[in-house]
Amino acid sequence: MKIPAINFEELNFITILIRCLMAMILGGLIGFERGLNNQPAGMRTYILVSVTSAMVMMTNQFVAKFYPGVDPSRMGAQVVSGIGFLGAGMILITNRDKVKGLTTAAGLWSSACLGLAVGIGFYEVALVVAIILIITLVYLQKVKHRLKDRSPYEQFILQTQDIDSFNQAIAFINDSLITINKIRPCSTHKSDQAYLIELEFPLEVNVEKFISEFNQLKGSQLLFEDGPSK
């Protein structure tokens, strides 16, 4: 018995099943990485976004075939713009004026676009883009951490009691031959006299020792922005 060839560009039960499963796998892989990093949107969210986006594009293909007078591009365009509202819910501003969740929001948007590509049958580009996204999320994060560990830059929260203690703190930093790259008020911090400060350390300076000596100053305290440095 000869098995009939399958046209993967046509809509039938087999191609619908393949597209939905492919969208689920590709979206799920990206969501799995986000879930491992304790992000608010994990595997289930990404699968929902990717599969339903694929459904929208298959619906577009159906509409274009049976209702030629209707513009089939509108539904896909609404997915691309509408996913922004979901992504906006992932973006947070922490109490240290840091923005978090941008990668997760971008990942959701990317997952929706993957679903659109799979849904219309553009399998090749969906696979290539999915591989690039996974490499970016998994491996570039490790490279970033390695570069950060070697970086001479550190960000701190500087707390002072008054202007005199602030001036004393700045003088101590300068006397230690440490460069102040930037400093600005940290308005959301509990302390009224709190500043976000970035310091550049010479290679011969021991950061931990410097922090210990600095915190012996009266009326000033220097804290690692993200907790103790590893």
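Quick reminder: no glycine exception, Cβ is built from N, Cα and C everywhere.
For reference, TrEMBL has these:
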type     : residues : note
DOMAIN   : 21-144   : domain 'MgtC/SapB/SrpB/YhiD N-terminal'
TRANSMEM : 12-32    : transmembrane segment
TRANSMEM : 44-63    : transmembrane segment
TRANSMEM : 75-94    : transmembrane segment
TRANSMEM : 114-140  : transmembrane segment
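Using DSSP to sort the residues of the domain 'MgtC/SapB/SrpB/YhiD N-terminal' (21-144) gives these counts of helix, strand and coil: 96 helix, 4 strand, 24 coil. Mean per-residue pLDDT, taken over the domain 'MgtC/SapB/SrpB/YhiD N-terminal' (21-144), amounts to 80.
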